[in-house]
């Protein structure tokens, strides 16, 4: 078990490298990740339930295993912070995605993918990034929890609103059902298990393995998209990467601004910046590849997969920059005091 925990920590520490490695390998050996797209069945609203759907469920289950009653108490104890966070999450990233699609004149499929990423809840690894950069971890967990709980309603609603001019018809119900299946149910099961078995020693040991499982899951989701759409990756040119960089970078900046405008302290501003900028692009990828209405625009999944990779890299870099700034500030203060 100790070896598994060490391996899990290694995967967590090098998330972006692991995801990039799987992506590159799959690009040259697409059959390696073909199993991710294997369809198991079709649900009542015509969504494809694939191996990828199960992987997303496992990732969200791992998030549920970290939730406690105390995390939900935060929602009642700090309603202002959580409310500002939720509003920023579901206003900044969706509308930012919409404006970027217009600014760069993105093709319909790619534009839909970026809007989908923007309308998804915060990424599950944002809590770790908040911890690493000296952010407010309790606030981070609260924001992730609320945005995830709201996602079955807010994601379909915002996508339907912002993609209403697209050449395909957007219906909220298939996305609502898909998010319930792959997000809410797994998170709820994880939370219940943690509540019931949280004090069990063996269970605690198993919990330490789950972050690594989530990283491997994210890598497989990206690999699955590259397996089926890899040949189209460079057909869209550099614009797809520019769109992702703009969306993510401006998300961090505007999230920080939202914290500053509402009088938050430094730790909270860093947290809301990371929570807003880092999206659950894995969920967006799953919706783009399994929801019936996106079947006519398979390229939507490409920008979602690129976002998966880049958000992991940028989140780590931003957390590192914040931490380095604190270290330099502390050193400068220590030097000034010594003088």
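Including glycine, each Cβ sits where the backbone N, Cα and C put it.
Nobody curates TrEMBL annotations by hand; they come from automatic prediction.
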Which listed span TrEMBL calls transmembrane segment, if the choices are 106-125, 266-285: 106-125
Contacting positions for the transmembrane segment (12-29) when only residues 6+ beyond its ends and CB under 8 Å are counted: 125, 128, 211-212, 215-216, 218-220, 222-223, 226-227, 230, 233, 305, 308-309, 312-313, 316
